[in-house]
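Colleague: Encoded as structure tokens, here's the structure I'll be asking about.
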Amino acid sequence: MKTPGVLLLILGLLASSSFAIIRIPLRKFTSIRRTMTEVGGSVEDLILKGPITKYSMQSSPKTTEPVSELLKNYLDAQYYGDIGIGTPPQCFTVVFDTGSSNLWVPSIHCKILDIACWVHHKYNSDKSSTYVKNGTSFDIHYGSGSLSGYLSQDTVSVPCKSDQSKARGIKVEKQIFGEATKQPGIVFVAAKFDGILGMGYPHISVNNVLPVFDNLMQQKLVDKNIFSFYLNRDPEGQPGGELMLGGTDSKYYHGELSYLNVTRKAYWQVHMDQLEVGNELTLCKGGCEAIVDTGTSLLVGPVEEVKELQKAIGAVPLIQGEYMIPCEKVSSLPTVYLKLGGKNYELHPDKYILKVSQGGKTICLSGFMGMDIPPPSGPLWILGDVFIGSYYTVFDRDNNRVGFANAVVL
């Protein structure tokens, strides 16, 4: 018969053998759009130069459908975290983006005229003992040019842990990623992040590269194949939030999680029943498709419908696609209701109006933006951080579903 002490030891060993949740602190930064506006720059030329896509309109060999989503989202990305690539880890700040599926960072071999490369961390394969050459070229087309480079293989550490912090991390071995040697235009010069870590489905991965989270699942590095986001919407609040790999944390939400099935395994796409602006306006009549995208800070919809929405809340065009509302009117604006899975998700005006500094003054911007995504991928609504900040969000690959619960205010 085992003694109580031995039993406790066995239970302790069993408990330690299970995987804890991996926590990646997120920091909030000023978006590219706001940075360029502050210095008097313009992104309108970029926006007007044709289809501005996160990824090229190329097809996976498994499908004849082109897959695309818009780079315009990255102009408004606001949250990033740290990862490491190589052994020992070389640290990079990346946007954890559920609207794409590839990992890329700048390369030490970037072109001499690539200004964005100068001001960001660069991966150096010579400094990694786990680097394996791949060399396949990759090309991600944008409206003003293309982000290009070649693929490499190495170990990805999440989080980076080069600071010897005590936070538990994981190492994803043999991960294929992009070394970017050329970045387009001036857009990424203003970016506070080095690269992108896509967390969408493999279907939209350029060059059919296995996404980091899929590789992590294959290597059985987490107990549950889910990840979740808490975003701190306090403009002054740090940390900016937390990404959890392998689980959820109830301290970040109250009530129960409500789930929606993914309708297409490319982006994290779900069905939206409708969107209402107070009692004045109903959009997405008869239902529409929406993607849950951590890579954009805004709530985006078809141009004509969003024009109606902006009018209903009294927003007027400012510059660079932004709409402004007099700050003194914010408290009297209507509540916006997104109906998902038969349940209403409320966005009160203090949640969808963004207070930002411009020219030393505080102005109030609409958190909605119009953008048309053509068939076959579109039309789509994009539920960005304006929505995710109010609702703790769970991305469940085991059951191909997305969960929402009311986020707490820390």
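Backbone N, Cα and C define each Cβ position, glycine as well.
Relevant sequence annotations retrieved from Swiss-Prot are reproduced here:
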| type | residues | note |
| --- | --- | --- |
| SIGNAL | 1-20 | signal peptide |
| DOMAIN | 79-405 | domain 'Peptidase A1' |
| DISULFID | CYS91-CYS160 | disulfide bond |
| ACT_SITE | ASP97 | active site |
| DISULFID | CYS110-CYS117 | disulfide bond |
| CARBOHYD | ASN134 | N-linked glycosylation site |
| CARBOHYD | ASN261 | N-linked glycosylation site |
| DISULFID | CYS284-CYS288 | disulfide bond |
| ACT_SITE | ASP293 | active site |
| DISULFID | CYS327-CYS364 | disulfide bond |
Colleague: At the level of the C-alpha atoms, what whole-angstrom distance separates CYS327 (disulfide bond) and ASP293 (active site)?
Modeller: 27
Colleague: When neighbour density is defined as the number of other C-beta atoms within 10 angstroms of a residue's C-beta, which of the active-site residues ASP97, ASP293 has the lowest density?
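Modeller: Sparsest of the active-site residues ASP97, ASP293 by Cβ contacts within 10 Å: ASP97.
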Colleague: Using all protein chains in view, find how many other C-beta atoms are within 10 Å of the C-beta of ASN261 (N-linked glycosylation site).
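Modeller: So the Cβ neighbour count for ASN261 (N-linked glycosylation site) comes to 13.
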Colleague: Between CYS91 (disulfide bond) and CYS117 (disulfide bond), what is the CA-CA distance rounded to a whole number of Å?
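Modeller: Distance (Cα to Cα, whole Å): 15 Å.
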Colleague: If you compare CA-to-CA distances from CYS364 (disulfide bond) to each of the recorded positions ASP97, CYS110, ASN261, CYS284, ASP293, which comes out shortest?
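Modeller: Going through ASP97, CYS110, ASN261, CYS284, ASP293 one by one, the closest to CYS364 (disulfide bond) is ASP293.
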Colleague: Identify, in sequence order, the residues in the chain of CYS160 (disulfide bond) that are 6 or more apart from it along the sequence and have a CB within less than 8 Å of its CB; answer 'none' if there are none.
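Modeller: Expected: ASP82, ILE83, GLY84, PRO89, CYS91, PHE92, GLY169.
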Colleague: Write down the Cα-Cα distance for CYS110 (disulfide bond) and CYS288 (disulfide bond), rounded and given in Å.
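Modeller: Counting only the Cα atoms, the answer is 42 Å.
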Colleague: Tell me the Cα distance separating ASP293 (active site) from CYS284 (disulfide bond), rounded to the nearest angstrom.
Modeller: 18
Colleague: Just how many other Cβ atoms lie inside 10 Å of the Cβ on CYS364 (disulfide bond)?
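Modeller: I get 20 for this one.
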Colleague: Where does CYS160 (disulfide bond) sit in DSSP terms: helix, strand, or coil?
Modeller: coil
